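Taken from Swiss-Prot, the feature ATP binding site applies to 10, 11, 12, 13, 53, 57, 161, 167, 170, supported by sequence analysis. Feature annotation from Swiss-Prot assigns region 'Involved in allosteric activation by GTP' to 18-23; the stated evidence is sequence analysis. The annotation UMP binding site is assigned in Swiss-Prot to 52, 73, 134, 135, 136, 137, 138, 139, 140, 141 on the grounds of sequence analysis.
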């Protein structure tokens, strides 16, 4: 591994939809590309995982029993590939060098995930977008992001959301909701605090990988966090 900081950023698929609620908003892509470029220009190596909820969710697709859960999850994996290609285009348009690596082999579209190759791309200053989740049904893209972060020896995983971090209650419903600046892995799981799913948190805990939850729409926020400024976000760690 290089001596540079290495961060994995996780975006939800819904974030790409903007106010539309579905599909991909190119204005959001352009904004995210600008934030990622700021990280790269400051010498930070970047991996990215994007969910697929702006297109389809495996659980939702399978809820009435017509589509099997495994098939629904495979559809969700393909949705993440669509988002990864869109993000690659936006990042390349901004002048960055980018590679997409998929957990499912699809050579005509992108590389297949190989840990060593991904690390070499990062060392050369390329942004690597990891698509298709873990390649297995029943695992979320949060778990996939945590797994890839560990595999590439990332210093942290940043979960970029629409809110400043994790609250003791839903800030959209309760005006007195309090931002939790620091939480232990154990509390996040025991209190069912919606940071990530329990599998992802447990994996991060076992590998001492900090999870930082932040507002992606605060300009420059990702760079501040990557440089150690956690004043307006939530950090999950031991």
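Every residue, even glycine, has its Cβ placed from backbone N, Cα and C.
Across the residues the record lists as binding ATP (10, 11, 12, 13, 53, 57, 161, 167, 170), the two Cα atoms farthest apart are 25 Å from each other. For the recorded UMP site, residues 52, 73, 134, 135, 136, 137, 138, 139, 140, 141 set the reference point as the centre of their Cβ atoms, and the other residues of that chain within 8 Å of it by Cβ are 58, 76, 77, 133, 143, 144. Neighbour counts of Cβ atoms within 10 Å were taken for the binding-site residues 12, 134, 136, 140, 161; the minimum is at 136. Residue counts of the region 'Involved in allosteric activation by GTP' (18-23) by helix, strand and coil are 3 helix, 0 strand, 3 coil (DSSP-based). Counted over every protein chain shown, other Cβ atoms within 10 Å are most numerous around 53 among the binding-site residues 53, 170. Residue 134 (UMP binding site) is 14 Å away from residue 10 (ATP binding site) when you measure Cα to Cα.
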